[in-house]
Amino acid sequence: MGLKNLFEKMEPAFLPGGKYSKLYPIFESIYTLLYTPGTVTHKNTHVRDALDSKRMMITVFLALFPAIFYGMYNVGNQAIPALNQLGNLDQLIANDWHYALASSLGLDLTANATWGSKMALGAIFFLPIYLVVFTVCTIWELLFSVVRGHEVNEGMFVSTILFALIVPPTLPLWQAALGITFGIIVAKEIFGGVGRNFMNPALAGRAFLFFAYPAQISGDTVWTAADGFSGATALSQWSQGGQGALQHTVTGAPITWMDAFVGNLPGSMGEVSTLAILIGGAVIVFTRIAAWRIIAGVMIGMIATSTLFNLIGSETNPMFSMPWHWHFVLGGFALGMVFMATDPVSASFTNTGKWWYGALIGVMAVLIRTVNPAYPEGMMLAILFANLFAPIFDYIVVQANIKRRRARTNG
């Protein structure tokens, strides 16, 4: 008996009236993960499209692969030189299970480490965070699905991977579990679940950690996976001394724009490489999963605001001098613009609203980065702020359209 036949034989017990009917969401999630659902349309429909929600989420997940793999490589690429500068590898192996595992696997952690060793070390930091986040999120999704009696939505795959990509590699696992719990329950499930959340769950979870546990999510010691090493992000360096202050934390060499574009600098695991993000972004824009109007609006808002600050200038705030092309490649701007701001649930759905929504994100991101002295990164808060205004933009656009059509009809 094949596996599919086994599922079909078990299915009646999970259907309404069956012995395990309350557990149908769990059965359905496993079955549809392995096989295409047999449900088909029997009547006329307005839209016929092979891209259902499952395939859409899988496409977004796959589009993140360039950022995932480069992020893992960069964790090792930043950590290994720092380790050799500190010279405390034996102490780390004794006190940090990440390096104990790396040592047991025979990874080369010397200055001559290969890209494979760097990638493997990065995976040792990234995969546990992702597995914890995925497991906790799955438990909550299954629990709410069983209680409410609806199917498990595949959006959890995207929420979990995005959350894992926007946190530091050194984040404690229990905080990762707590952050995604907040994002799933408070930002999504209490408002009705999938399709009803007005904020991005991954960003809401990270914002919770930022305000609740700032020492583990920000500062100078969390971005390089080497205990005892302190290295500020490029945004922090610029905020202290302008472009001339940008330098690699280990070698002291200047950070070029190409270094930032490719991602050769410390930061959150999925945010460092603008190049990798744009490769994945091209996929979701081409497949029309991401709205290009939102991305264009973010760029327009960012360019206009940064140019305005450049013209105003400041003798005391170096961030006024940051041009738009540096804003584009530093911090979480690219990842937020391409994969976070374009979330179809929490973003505006009208075409005109998408322009205003995107522009607000671009303006607020630069405004927070430039004017706020306590927090050099502004993309996370800018997107969450714009999420609150997305329904307002749509309401204004819809009402304006109603008035226009009414005037045309009456005229």
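Cβ atoms are placed via backbone N, Cα and C, with glycine included.
Per Swiss-Prot, the feature transmembrane segment maps to 56-76, 120-140, 166-186, 272-292, 294-314, 319-339, 348-368, 378-398. Swiss-Prot lists Thr233 with the feature FMN phosphoryl threonine, giving sequence analysis as the kind of evidence.
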Most CB pairs under 8 Å with the transmembrane segment (166-186): which of 56-76, 120-140, 272-292, 319-339, 348-368? 120-140
One stretch in 56-76, 272-292, 348-368 has more Cβ pairs under 8 Å to the transmembrane segment (120-140) than the rest, namely 56-76
Between the transmembrane segment (56-76) and the stretches 272-292, 319-339, 348-368, the largest tally of CB pairs under 8 Å belongs to 272-292
Checking distant contacts: for the transmembrane segment (348-368), what same-chain residues at least six beyond its ends satisfy Cβ-Cβ under 8 A? 291, 293-306, 309, 327, 333, 336-337, 341, 375, 377-379, 381-383, 385-386, 389-391, 393-394, 396-398
For the transmembrane segment (319-339), find every same-chain residue at least 6 residues outside the stretch whose CB is under 8 Å from a CB in it, and list them. 60, 63-64, 67, 162, 165-166, 233-235, 238-239, 242-243, 257, 260-261, 267-268, 270-271, 274, 277-278, 280-281, 284, 290, 295, 298-299, 302-303, 306-307, 309-310, 312-313, 361-362, 365-366, 369-370, 376-380, 382-383
What number of additional C-beta atoms lies within 10 angstroms of the C-beta atom of Thr233 (FMN phosphoryl threonine)? 24
